[in-house]
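J.: Copied straight from Swiss-Prot:
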MOTIF     33-38  motif 'PP-loop motif'
BINDING   Cys108, Cys111, Cys199  [4Fe-4S] cluster binding site
Amino acid sequence: MTKTEKKLRHYITKAIADYKLLDKGDKVMLCLSGGKDSFGLLKVLHGLIEDKTYDIDLHVYTLDQSQPGWDDSQLRKYLDDLGVSYEIETKNTYGVIIDKVPEGKTYCSLCSRLRRGNIYRYAKEHKMDKIILGHHHDDLIQSLLMSILYQGQIKSMPPKFVTQDGENTVIRPMVLVQERDLIEFAKEENFPIIPCNLCGSQENLKRKKVKKLIQDLALENPKVPSNILNSLSNVLPSHLMDKNLLNSLEN
């Protein structure tokens, strides 16, 4: 086991323990996009199941959105060699996106909604206890700043939440994992990564701008990324302007 994998194991098991993400006997569905993040999470979590750290039933779900150039042959081979239960489901969400999104606009919002809808549907149909997503430390801090700058809200990606209809529980075991470690791990493991030819080709994305902003600030103060993440668990309601929060404090 490499030093990088040990580091990933440490932060993933810490998040699972701190936020009570898994229970014995859980039937869980890990969403594998074909990118470095979900591949890294799968490899580590599978190892933790193999060495009996967690007693859970793992199923891997991949959504083939019918994008041009999609080739999952190597992904299938990887999953077969790993020996995990999996399904690659084909849904033509790409056609819907191309039809609905005006030329020049980014696809991310609609693509995300369609993908999320299929994930939730599949989880309910197969009676999954939990849905596992591969968002990491960097995703959380970028989402927080994006919410503040573009939506006027203080919110990000929680480690665990129940969907509005109460039907699905979503967990993110990599909230403490830094992207740079996942990049290194992907190189070490040589994962058969499938590039996204849809949103990956669009350069003017808000997330990329926010990511660069954080990187620039970190050049001046390396603690900036960790400080942003820590702020999500160090909230001072009395120092905010939310009337409902302030009223609840008074009462």
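Quick reminder: no glycine exception, Cβ is built from N, Cα and C everywhere.
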J.: Give the residue counts of the motif 'PP-loop motif' (33-38) per reduced DSSP state, in the order helix, strand, coil.
T.: 3 helix, 0 strand, 3 coil
J.: Would you say which of the binding-site residues Cys108, Cys111 has the most Cβ atoms within 10 Å of its own Cβ?
T.: Cys111
J.: Please average pLDDT over the motif 'PP-loop motif' (33-38) for the predicted structure.
T.: 94
